[in-house]
């Protein structure tokens with residue numbers, strides 16, 4: 001092989017490396033500065049001790065985790081455990097309701113005339129263009145005492161007299177469903193748009209009732225969209241701060257409020273960091289379970305989330 | 001009544017299908033069926049043949065219950081099933097795209113209909129295995145659908161429908177996605193299966209060769225109307241009108257300028273025909289044209305010039321000019337000498353082979 005060729009090959013390789021560095025470096029740098037380093041900082045913070053004036057410092061200890069597990073000056077209390085379980089429960093209920101509401105909406109949009117569909121999708125998305133805090137304040141007004149909704153609930157005996165529908169767990173669920181509906185409708189719509197309707201016809205032709213045809217032909221086809229939607233809804237809902245803060249009151253606090261509280265009023269950063277790590281762990285476990293579920297329901301096929 | 005139909009045991013003679021005055025339109029301009037009356041006999045291999053958009057698939061979907069007619073009655077085995085939803089009809093369909101469930105393996109796909117009917121698991125498994133044996137795909141039972149070839153998918157779609165032992169099997173262009181060799185093989189196989197089971201098959205295709213090979217009877221459709229109903233031979237040799245003739249591949253059609261008993265004047269020249277024919281145009285099938293001196297008939301004798309010739313192996317196709325008129329002729333290859341382009345060739349047509357057809361839509 002002539003030496004000149006060897007040289008050009010080497011320079012070619014160097015050029016490839018340089019291109020690779022130039023194209024990926026900004027993104028990699030971004031991730032390192034804004035994800036890796038803060039995460040490491042958060043992890044180390046969780047093992048620090050809270051100082052008398054709320055400043056984190058040495059020595060390293062497990063105090064924050066002990067506190068998180070519910071051990072305080074007055075012995076063990078289940079408060080944090082309740083908050084975690086409540087967050088999980090709220091997430092499951094809200095996501096479930098969002099799924100049930102989104103299926104008919106997404107399907108209905110695909111049955112509309114092609115010219116109407118972008119408008120309908122826009123109608124689903126437009127509310128989320130307003131600030132979340134403002135929208136949640138809107139719900140506070142709607143659900144407050146002596147509003148038509150609260151009066152109706154009182155009349156039906158659902159809530160005691162002179163009370164509003166907020167603050168309550170119900171209001172939090174409502175707020176979560178309202179906020180995250182578009183994130184489920186859009187991926188489901190994308191799945192419905194690609195739906196092979198002959199599979200539905202085949203199922204009905206093979207004696208499936210409409211309900212069973214849905215499970216046999218529609219559900220498996222929309223599963224990737226559904227799972228994408230579940231992740232888009234459940235992960236932010238689990239860490240939600242604004243909605244439970246404004247609509248929940250003290251007894252409907254979620255884990256996001258617990259974390260936020262430690263970094264603001266309570267000024268216990270290590271405790272807050274530990275709670276944030278717990279939240280992260282719970283989210284990762286949730287996604288892992290979802291993937292396994294998706295794989296089983298999808299007939300062994302890997303579902304990318 | 002309808003339930004009794006769905007739960008009837010197989011083994012008794014397959015029922016016939018009667019369609020009365022079926023009309024279907026999708027909008028004011030799109031008329032799919034325009035008054036179809038038809039009886040499909042029990043146990044016959046019946047084909048709906050026509051170009052795309054002729055209404056054949058709509059007719060099949062109405063039989064399956066996947067579409068409803070605007071007007072008319074569908075009877076299967078004497079029962080009025082016009083309003084019966086598809087999942088309560090003892091009719092199964094093999095779809096053009098096969099429509100196999102991608103998240104189920106082969107075995108579960110075949111078992112699907114039985115499962116939906118509530119057949120016990122043991123019974124279900126036994127019947128699926130028997131069907132797999134019958135259709136020769138036992139080794140594939142555990143496979144995923146995306147691991148199968150087109151031909152295998154086609155057979156599984158067939159097995160999935162047959163295992164339910166329907167009264168009528170509907171097939172919507174099931175072979176159109178396959179290559180020619182496999183297609184021919186499956187045509188023969190489908191016909192054998194139909195004969196063995198004695199089931200009524202209603203087959204939809206746009207391929208006239210396929211229709212002729214497989215069917216007991218054929219209905220040729222165009223513009224939502226039945227143009228010709230008959231055996232393959234009747235339709236090919238005595239097409240009801242010019243549409244059917246052209247669709248069956250005949251292109252030697254000539255206007256009749258005047259008629260005198262059994263003598264017809266056409267652009268080709270004066271033709272002696274069988275006196276029974278009364279149509280508007282003359283049809284000369286290319287394979288009935290005899291080339292060369294040793295003609296068996298004295299009538300209908302012309303001199304043609306070979307414009308083009310195509311060697312097709314078992315036969316030779318000639319494009320001939322007779323005066324101003326061009327004519328297609330097929331000559332079976334029995335080792336005779338081939339005519340060259342530009343050569344003058346005497347041709348003759350036997351009067352019995354000439355038919356006249358009415359103008360069709």
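Heads up, the Cβ atoms here are built off N, Cα and C, so glycines get one too.
Where the annotation comes from TrEMBL, it is an automatic prediction and has not been curated.
The transmembrane segment annotation in TrEMBL falls on one of the ranges A:147-169, A:170-192, namely A:170-192.
Checking TrEMBL for transmembrane segment across the ranges A:61-80, A:121-140 points to A:121-140.
Below 8 A, the CB atoms of the transmembrane segment (A:121-140) and the transmembrane segment (A:20-43) form no more than two pairs separated by six or more positions in the chain, fewer than 3 in all. Contact count against the transmembrane segment (A:269-290) (Cβ pairs under 8 Å) is highest for A:20-43, out of A:20-43, A:88-109, A:170-192.
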